[in-house]
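Novice: Pasting the relevant annotations from Swiss-Prot:
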type     : residues                               : note
BINDING  : 20-26, 44, 67-68, 94-96, 161, 165, 196 : NAD(+) binding site
ACT_SITE : 148                                    : active site, proton donor
ACT_SITE : 161                                    : active site, proton acceptor
ACT_SITE : 165                                    : active site, proton donor/acceptor
């Protein structure tokens, strides 16, 4: 039974692009959007994973190789989606990287910082720019970014990563203000710790991660998953959130409330 069997399909007829859609939060969102009736374009640089996911989901799913730091590729991604499906209703700018273990400002490397900002912040900017370009004539659309709970609580991530995600939240708020007159909404999902990628398939790592999150998390008896983040993105993308814009939706089980 798929996730949309008990309720109406909330994205029926919509066209969505998901950057970083080949794995992790992106892949979970691609699957959920597809379950809810959307035509989804997976954009990523992980070609094997992206093509495999598209093949598994089948109808109304396609994959396009896209490096979000390259504006020509982002422009081509959006234009190809319009050519194939007639428009873009939802841009989920999810592509991003992390620093690994928390990096101190004393150990920060300029090249690594520029790469981090290039993918996490500039990539989001370019995705939004070209999505807005094709959404504006239709006077509707939805842009969603993956930010982070580190935008609400200090000290849980390295300074470079925090800077990139604060930048995304600032960008989102600026776009919510500017694009409102064009009928375009902009929001963020900001998850707490989520285990994704290769590590998620390793039982030992998974148990260690779940133990850590159970210890430090505020909401007991529950660990945040990529599927949980996908459900938040689904809400923001759906007509149920038709008057929701400028929101940083933090998924942290109340951690930021008790650790201000």
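Cβ coordinates are placed from backbone N, Cα and C, and glycine is handled just like the others.
Each of the listed features needs to be described in terms of its position in the shown structure.
Specialist: Residue environment of residue 161 (active site, proton acceptor) contains 23 other Cβ atoms, counted within 10 Å of its Cβ in all protein chains.
When Cβ atoms from all protein chains are considered, those within 10 Å of residue 148 (active site, proton donor) total 30, not counting its own.
Residue 161 (active site, proton acceptor) carries a helical DSSP state (H, G or I).
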Novice: Here's one to test understanding: among the binding-site residues 22, 24, 26, 67, 94, whose C-alpha is closest in space to the C-alpha of residue 161 (active site, proton acceptor)?
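Specialist: It is 94, whose Cα lies nearest.
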Novice: Could you state the whole-number distance in Å separating the C-alpha atoms of residue 165 (NAD(+) binding site) and residue 148 (active site, proton donor)?
Specialist: 6
Novice: Rounded to the nearest Å, what's the C-alpha distance separating residue 148 (active site, proton donor) and residue 96 (NAD(+) binding site)? Just drop the number here, would you?
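Specialist: Computed Cα spacing between residue 148 (active site, proton donor) and residue 96 (NAD(+) binding site) is 11 Å.
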Novice: Measuring CB to CB from residue 96 (NAD(+) binding site), give everything in the same chain under 8 Å that is also at least six residues away in sequence.
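Specialist: 20, 119, 120, 123, 146, 164 - these are the non-local Cβ neighbours of residue 96 (NAD(+) binding site), listed in sequence order.
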Novice: Which state, by DSSP, holds residue 26 (NAD(+) binding site): helix, strand or coil?
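Specialist: Helix, per DSSP.
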